[in-house]
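Each remark here refers to the structure printed beneath this line.
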Amino acid sequence: MASYKCPDCNYVYDESAGNVHEGFSPGTPWHLIPEDWCCPDCAVRDKLDFMLIESGVGEKGVTSTHTSPNLSEVSGTSLTAEAVVAPTSLEKLPSADVKGQDLYKTQPPRSDAQGGKAYLKWICITCGHIYDEALGDEAEGFTPGTRFEDIPDDWCCPDCGATKEDYVLYEEK
């Protein structure tokens, strides 16, 4: 039996052990795990991202199980081979030199102007992501000043997928 490892959190799925919590009895082979299954520890990586770390015949190696889809199989798009960017073209991109620059021209207020209540920071206990109430999170749709308690209960960590309940108050030292 083989073992497969999540490249983000190093969770290992061992076919011989299975994962009863996920509904896979011991001996469940990798090909019977649903394609939409994702890592039970970090919820970031899908099945196709896992790497084979040990095969059943005692050979050890790290091999990605990810395979790129054939462009002709991508439905509803007009992708051609010419549309795919070659990795070498990335080397020609200019780099931004931000070393020593003040990226925040003005510091965000550290307390609410109306109530005077200080803004707090919350940290994900799974990955260390910090949600700062003063800054909000524009990418997630939270404007600066959005209190953590005002974030919907079904919100998840943008970095690892952990639930809102996995955040604790962050105290700066």
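Placement of Cβ uses the backbone N, Cα and C atoms for every residue, glycine included.
Copied over from Swiss-Prot, here are the features:
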{"type": "BINDING", "residues": "C6, C9, C39, C42", "note": "Fe cation 1 binding site"}
{"type": "BINDING", "residues": "C124, C127, C157, C160", "note": "Fe cation 2 binding site"}
{"type": "DOMAIN", "residues": "2-53", "note": "domain 'Rubredoxin-like 1'"}
{"type": "DOMAIN", "residues": "119-170", "note": "domain 'Rubredoxin-like 2'"}
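Features per Swiss-Prot, on structure.
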residue	record	contacts (Cβ under 8 Å, 6+ apart)
C39	Fe cation 1 binding site	C6, D8, C9, Y11, R45, D46, F50
C42	Fe cation 1 binding site	C6, D8, C9, Y11, T126, C127, C160, G161
C124	Fe cation 2 binding site	I130, Y131, C157, D159, C160, A162, D166, Y167
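C124 (Fe cation 2 binding site) carries a strand DSSP state (E or B). Taken together, the residues in the domain 'Rubredoxin-like 1' (2-53) have a mean pLDDT of 87 on the 0 to 100 scale.
When each of the binding-site residues C157, C160 is scored by how many other Cβ atoms sit within 10 Å of its Cβ, C160 comes out lowest. The Cβ centroid of C124, C127, C157, C160 marks the Fe cation 2 site; residues of that chain outside this set whose Cβ lies within 8 Å of it are T126, G128, H129, P158, D159, G161, A162, D166, given in sequence order. In the three-state DSSP scheme, C160 (Fe cation 2 binding site) is classed as coil.
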